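Engineer: Before we start, here is the structure in question, set down as structure tokens.
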Amino acid sequence: MSHLSSRQNSSPATPWVLLVDDEVSIRTLMTRFLAETGLEIEEAGNADQALAVLAKRTTEPLVAFVDVMMPGVDGLTLARKFRARFKRGSIVVMSGHLSDVSYWPEDLRDVDFMAKPFRLELVLEKVTAARAAQGS
């Protein structure tokens, strides 16, 4: 289920992060780690939940961390939908299986990638890079 994980009363301009992974433990770990950054964090366990989060928000996420292998709609399809709707937000695709981006569909070879398992510091690096790219 999607939910706001931190900063419930933040202003609409507060940067936020979307975490989409069917593994609750990964979402929980990332949420706890990112809560220290002052960002709002929204979690979704699948693509449908992620799309519902995106539909209710008035601003685009600073970065969306999206697992590739999920039940139902896969993470690559979700990344395409995300890109079609938002022009500035970064997409970081996560997978423990698909580490060679050269085999990915050509239209998604420019998305960022994190191989599972990953260090939490790498998550922070991706957020920092997204902030720098957007000037926030």
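Every residue, even glycine, has its Cβ placed from backbone N, Cα and C.
Not my notes, these are from TrEMBL:
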- 16-131: domain 'Response regulatory' (DOMAIN)
- Asp67: 4-aspartylphosphate (MOD_RES)
Engineer: With DSSP, how much of the domain 'Response regulatory' (16-131) is helix, how much strand and how much coil, in residues?
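Structural biologist: Breakdown, helix to coil: 53 helix, 25 strand, 38 coil.
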Engineer: Taking every residue in the domain 'Response regulatory' (16-131), what is their average pLDDT?
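Structural biologist: Within the domain 'Response regulatory' (16-131), the model's average pLDDT equals 91.
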Engineer: Under a criterion of Cβ-Cβ distance under 8 Å and sequence separation of at least 6, what residues of the same chain contact the residue listed as '4-aspartylphosphate'?
Structural biologist: Val20, Asp21, Asp22, Glu23, Ile26, Gly75, Val93, Met94, Ser95
